[in-house]
Amino acid sequence: MSPDIWHQIFNYDDYGQLLALVANSIIAAAVLGVVGGLISTFVMMRDLAFAVHGIAELSFAGAAAALLLGVNVVAGSLAGSVLAAVVIGALGVRVRDRNSAIGVLMPFGLGLGVLFLSLYKGRAANKFGLLTGQIVAVDTPQTAWLIGVSVVVLLVLAVIWRPLTLASLDPDVAAARGVPVRALSPVFTLVLGLAVATTIQIVGALLVLALVVTPAAAATRVTASPRLIPLLSVLFAVTSVVGGILIALGSSIPISPYVTTIAFVIYLTCRAVGAVRTRNGWARRPSAAVAG
Amino acid sequence: MIEQSGTIASQAAPAGRTPVVLSLTDAELRRGERVLWSGLDLELRRGEFIAVLGPNGSGKTSLLHAILGQLPLSAGALLIDGRAPRRGSDLIGYIPQQRALAPHTPLRARDLVRLGVDGHRWGLPLGGKGLRRRIDDLLTEVGAHEYADMPLGLLSGGEQQRVRIAQALATDPALLLCDEPLLSLDPHHQHAIVDLLDRRRRAHGTAVLFVTHELNPVLPLVDRVLYLAGGRFRVGTPDEVMRSSVLSELYGGLVEVIRARGRYVIVGAPTPHHPDPAGGVQP
């Protein structure tokens, strides 16, 4: 590549001023990183990666509709997410039913979103941002929305953390212990919908998985401790999204490639570390005799 | 509710004064139009070990769900320690049928046991030294202390089963329900698991109700057998129930029980043609 193109992509001449301008975005991103990191541990436990994708597409449709109607985009995005969560919850309780329901729902949501965007006559950057992420779009009132919704998500997670863990990993034992397994499932899907809708505002609908699946997927490769996994997962998510923004500031391309690349590199590193650990005796017992 | 210490159950069916943990009186369970079993009378006393045998679909797992308070009886009475069954009772420990674990299940052995202690409570999993010691004790009792900090997904089937038993014992239950705990274990580990449960019931008086297809590892140790088949049942010692005449009557056809070198083989039992109606709970 010629230096010219490099200069077009990366230009850190006015970095200090830019940083001050996007301070709100960085705060919002850090909060979203915490939410994404925590919720991704349950997405892994409940095997809901595909549902995240489905919710994101409908959330995108909601945001696009809001853009077209000239109302709050975060609210539109939330409405789409909640609708998706309700539909997914209603259509499929079993994993197999659920996945086909999501497969049907997802292209429909994406199609609706594209329709609304093509009818929208405003700035093109607004349109593209919903799919691939943006920083500038996050102004102060939106930041307040994002943080408010994130706090709700974190509070609900804190309350249902233990029974949700048991219900996700061992539903039979959970039911026997009196955990309301059937009620927890829609509650979690709803909370997941809120988290996805807020994450979309920064990384875009297509790349939500990098913040809501990848962090815990990476963390479970290097540890099985239920205390370390959420901590590492939050660390990975915050690093990806804040790091992505800081690099993207001096660049002309959207933030999502940076966020997803950082997340992916973290995941690959964790896989490698996990593989080495397993080979070097993670499975080894303190004593040589392998008791059964 | 409170365990009396020092009672050690004898191997013969405990009679007389030993408290009744579970009692079924003229109990009937239907799923839709089908009667799984009816007229079932059964009393299980402290420290008693009973095997529940029978073909698929005969209502073995449904019996467990009824005891857990998840399925109401269609007739008759079921009492746990003298009271109606309820969900989440600390009196009952439950080891459901083993399901395959994802290799990267985010739990170590000790974490699975911990879920048995406080996994049903609301809030964040904070914990102190007391909790840790309790988990260590439970793991030690089942001989799983050595791999307490290993990821569950890296443990063998037999090791996982020991950890699940520790989890089920977390509330010091009066009654332990085991659903096919020997499934997919090799004979060596099958015997180890049965011995473990046998020791527990002798030392702590925990009554054990053991649903299984594997006759031979359990029959030498159990006090009684509940055999369910074709909507009928039979309760008695293994010698009373495991006879050609008894099983032929239950199945309504010619069934032969062969005893050779201390092992039982059942020949001619009709093959099961319907799956067990009581499936697991969906996540």
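Yeah, the Cβs are placed from backbone N, Cα and C, and that goes for glycine too.
Since this is a predicted model, take the numbers as computed values, not measurements.
The following features are taken from TrEMBL:
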- A:20-43: transmembrane segment (TRANSMEM)
- A:55-88: transmembrane segment (TRANSMEM)
- A:100-122: transmembrane segment (TRANSMEM)
- A:143-161: transmembrane segment (TRANSMEM)
- A:187-216: transmembrane segment (TRANSMEM)
- A:228-249: transmembrane segment (TRANSMEM)
- A:255-276: transmembrane segment (TRANSMEM)
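As a quick check, the transmembrane segment (A:55-88) and the transmembrane segment (A:20-43) miss the bar of 3 or more Cβ pairs under 8 A, pairs 6 or more apart, so the two do not touch. Three or more CB pairs closer than 8 A are found between the transmembrane segment (A:228-249) and the transmembrane segment (A:20-43), so contact between the two stretches is assigned (pairs 6 or more residues apart). A Cβ distance under 8 Å defines the sequence-distant neighbours of the transmembrane segment (A:187-216), meaning residues of its chain 6+ beyond its ends; these are 25, 28-29, 32-33, 35-37, 39-44, 46, 48-49, 51-53, 55-57, 59-60, 62-63, 73-74, 77-78, 80-82, 84-86, 88-89, 113, 129-135, 137-138, 142, 145-146, 149-150, 152-153, 156-157, 160, 164, 229-230, 232-234, 236-237, 240-241, 244-245, 254-256, 259-260, 263-264, 266-267. For the transmembrane segment (A:143-161), the list of distant contacts is 24-25, 27-28, 31-32, 34-35, 38-39, 42, 72, 74-75, 78, 184, 187-188, 191, 194-195, 197-198, 201: same-chain residues at least six beyond its ends, Cβ to Cβ under 8 Å.
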